[in-house]
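What Swiss-Prot says about this one:
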REGION    1-117  region 'Disordered'
COMPBIAS  35-49  compositional bias 'Basic and acidic residues'
COMPBIAS  60-70  compositional bias 'Acidic residues'
COMPBIAS  77-105  compositional bias 'Acidic residues'
REGION    172-230  region 'RNA-binding'
REGION    237-346  region 'Disordered'
COMPBIAS  243-259  compositional bias 'Acidic residues'
MOD_RES   S255  phosphoserine
COMPBIAS  264-278  compositional bias 'Basic residues'
COMPBIAS  279-289  compositional bias 'Basic and acidic residues'
COMPBIAS  324-333  compositional bias 'Basic and acidic residues'
COMPBIAS  334-346  compositional bias 'Polar residues'
REGION    424-492  region 'Disordered'
COMPBIAS  456-485  compositional bias 'Low complexity'
Amino acid sequence: MSDDLFSKALENPDQDLNVELPKDDVDLGLLGDGGNERKTDEPAADAERSTGLGSGSSESESDSGSDSDSDSGSSGSEDDSADQDVEGEDEGGDAIENEDEDEDPSPSGPILSKNEILEETVPELPEDYEISEKTIITPIGVLKSAFENNIIIHATMSGEKRVLKEGSIFCLEDRTLIGMLTEVFGPLQNPFYRIKLPDSKKNLFDELKVRLGEKAFIVTPDAHWIDTFELKRNKGTDASNGYDEELPEEEQEFSDDEKEALFKKMKKQQQQRKKRDNRKLANDSDNVKVKRARQPKANSLPKLVPPLGMSSNAPMQHGYKSRNARENIKRESSATSNRNGSSPVPITQLHQQQFSANNYPFPQQPNGMPYPPYSPFPQPTNFQYPPPPFGQATPAQFSNTVPYGSLPPAYNNMSPPTQQSFMPMAQSQPPLPYGVPPMNQMQNPMYIQPPPQAPPQGNGNFQQVMELHQILLQQQQQQHQYQHQHQQDPRT
């Protein structure tokens, strides 16, 4: 743009050019004296520039040189003022820093943490403490080293079972007092004991330092022991955090950003997994509570009804009968017999089931052998022999041709029953169900089952039934007697 103005001025030197120069937005008041000088120079430069337009190119060149000189001078003045301001600010900042340093003086000595102890407390024995000749002392190790008022004793006894506890008293063989135990360290097989001496016992430390290698003893009454398994339970650490604890996870620092990101990701996953597990446990507990609430109460459950044969009030049926049911049946039968006024009925030894020790229904033979067993139901015809012993011939079968109501011919040769008892029905045992064996037969497997009793058909026919039963028993006795005689004499 400046080239166009100069070319126009050269072409028309007599013509005035109305040129609007750009305004400077910089606040010259902040620049100090240089700004004022620039303000005074600007009108003069404008006048010279307007007068120089009519005087040729040489004058314009001189004007441009003067303008450049003025601009350089003004810029130089501005730079000087800016440098002065920066130097002033630096001096002010240094002054503020000096004031801060004066307000917070640096602490004297080493920096200590909150729980750090600068000096170790030294346990001291009473001044009048002495080891008499009667006091029992026990060898424990040898003097290993001495440094900075510390005496190290290397134990010769194993500490796998127990070790000395702080506060135990050590001495030499001549009962020279060493001091109290301060620390135990080293392996359990041969631990080390450290004894800290106070500064007031410098002479004792020098004496013990000369006597290194001698045996060390403990005062047995003042020795304190601790079991090793208690030490193994509390595992130590070498961390140097507060209270000698390791840094928590949230305070750990990483030198690698990737490792830190991976650690945070794993920690986040663990937290999410833990929340998921807690939510699952809560849901399970809710389900259990709902299930328990839905369970019916004991009062609303239907009552169990015992089987018909096991109920105390049930009628007599085939099967097991409880004791109460049997007693009730017995009472009912006795009451009905008393009301009917029935006469005593003779009952043989077979019905009493008490006439022999071996519970056989028939009398013993002279040789002590019982009768052979027979079928539980009476067979009116075609009685068969039992299987004969090995090597004997089978006898021929015979049929029962004795008419009803008459006694067989061999009945006269039979011996009468040895004993009969007449007992009223009220005192007899109640009849068992049809086909059920008596209790002593259940208990004794060798018991021969008697013929089943026919169910009662009324009080009028009961005596006839009993007489018929007696006849059947006599016939069976005759049959068994004949079989027994035939087995003893097979030639007949």
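Cβ from N, Cα, C; glycine included.
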Quick one: DSSP breakdown of the compositional bias 'Low complexity' (456-485) into helix, strand and coil?
-> 24 helix, 0 strand, 6 coil
Taking every residue in the region 'RNA-binding' (172-230), the average pLDDT works out to 89
Run through the region 'RNA-binding' (172-230) and tell me, per DSSP, how many residues are helix, strand and coil.
-> 18 helix, 23 strand, 18 coil
